[in-house]
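Chemist: The following feature annotations were taken from Swiss-Prot:
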BINDING   Thr14, Ala15, Gly16, Asn128, Arg165, Ser199, Gln295  UDP-N-acetyl-alpha-D-glucosamine binding site
Amino acid sequence: MNGTISVLLAGGGTAGHVEPAMAVADALAALEPGVRITALGTERGLETRLVPERGYALELITPVPLPRKLSGDLARLPMRVRRAVRETREILDTVHADVVIGFGGYVALPAYLAARRNRVPIVVHEANASAGLANKVGARFARRVLSAVADPGLGRVEVVGTPVRSSITELDRAALRAEARAHFGFADDARVLLVFGGSQGARSLNNVVSGAAKALAAAGISVLHAYGAKNTLELPDPAPGGPPYVAVPYLSRMDLAYAAADLAICRSGAMTVAEVTAVGLPAVYVPLPIGNGEQRLNARPVVETGGGLVVDDADLSPQFVADTVVPLLTDTGRLQTMTAGAALSGHRDAARHVAHVALDVAREAAGGRKGVR
């Protein structure tokens with residue numbers, strides 16, 4: 001280490017991998033002025049847009065998607081891995097990396113293998129309740145293994161939460177509420193339901209909540225619904241003087257959305273749970289009904305602290321909204337209890353914690369002084 005710490009972030013592909021990496025990048029820059037930050041990605045991932053937007057350097061390698069079934073891709077996998085590892089080793093040398101922080105996904109696997117070959121220390125962060133293949137490999141030779149939850153299947157881990165952007169972790173919902181409600185056209189004293197299904201929306205959530213629009217309006221509940229840019233939403237004609245149902249394809253200001261809402265209906269991807277709990281927003285989580293069940297596991301900690309409910313996608317219906325969500329939204333005491341439970345399970349300092357660990361590891365490996373505080 002030549003005085004300037006160089007960090008390689010391996011978290012490309014989906015927003016669930018890129019966003020935590022960018023949150024940690026921001027924390028690193030705040031903690032260690034002059035730190036050199038490089039993100040690793042591929043031309044296929046969201047990082048090609050998200051990383052430059054945040055002002056960080058991006059280096060691209062050959063994509064190594066892990067096939068989910070037998071195909072020609074499986075036969076080509078070893079060749080792709082070797083090529084991606086070779087490219088990553090060259091990048092590690094070029095940027096003089098002192099530490100690699102991996103967040104899982106197909107960019108992380110070659111990063112871990114290359115770092116091991118180049119003797120660059122590794123820090124692994126797992127956001128999901130069930131770890132994927134890349135992090136299972138990386139955890140075997142990482143200096144530190146950090147996780148959002150206690151048992152993601154990586155052996156001994158340090159629970160730190162999932163890094164989220166500072167606009168969320170620093171959000172004061174109560175202080176911003178009046179501005180947020182004015183922004184979306186809600187009354188100051190409205191009860192507001194926030195509905196969103198991630199960056200692409202969720203058709204089942206869209207159909208169910210829009211199908212319950214009349215029941216929600218009859219109960220005096222306003223709705224803020226992000227239905228996804230690729231989807232459409234059909235709503236009944238509003239009753240004169242009824243509460244607004246604000247439907248938009250995408251919410252560019254999630255901080256305002258969280259501040260305006262009293263309750264959310266959403267999926268339970270790792271980033272969604274991390275953000276919703278960080279701001280202390282009660283939620284009804286509807287796990288995506290595919291994969292290995294990790295979304296249900298992601299929601300378990302907040303359910304255990306009383307900050308949320310879980311309902312299966314197959315059980316979500318307009319009748320469920322009328323029978324369960326409406327009474328919940330009109331019960332001030334229960335909402336207050338759930339708000340406290342959501343905040344209890346949330347982690348607002350995860351990005352800073354991961355950044356501290358990475359800087360410590362880099363300095364320890366270089367024989368420098370321990371600690372950056």
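Yeah, the Cβs are placed from backbone N, Cα and C, and that goes for glycine too.
Describe the structural context of these features.
Modeler: Around Gln295 (UDP-N-acetyl-alpha-D-glucosamine binding site), a 10 Å sphere centred on its CB holds 25 further CB atoms from the protein chains shown.
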Chemist: Compile a sequence-ordered list of residues in the same chain as Gly16 (UDP-N-acetyl-alpha-D-glucosamine binding site), six or more apart from it, whose Cβ lies below 8 A from its Cβ; state 'none' when nothing qualifies.
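Modeler: In sequence order, Ala127, Gly269, Ala270, Met271 meet the Cβ cut-off.
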Chemist: Below 8 Å Cβ to Cβ and six or more residues apart, same chain only. Which residues does that give for Asn128 (UDP-N-acetyl-alpha-D-glucosamine binding site)?
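Modeler: For Asn128 (UDP-N-acetyl-alpha-D-glucosamine binding site), the qualifying residues are Gly104, Ala148, Pro152, Ala270, Glu294, Leu297, Asn298.
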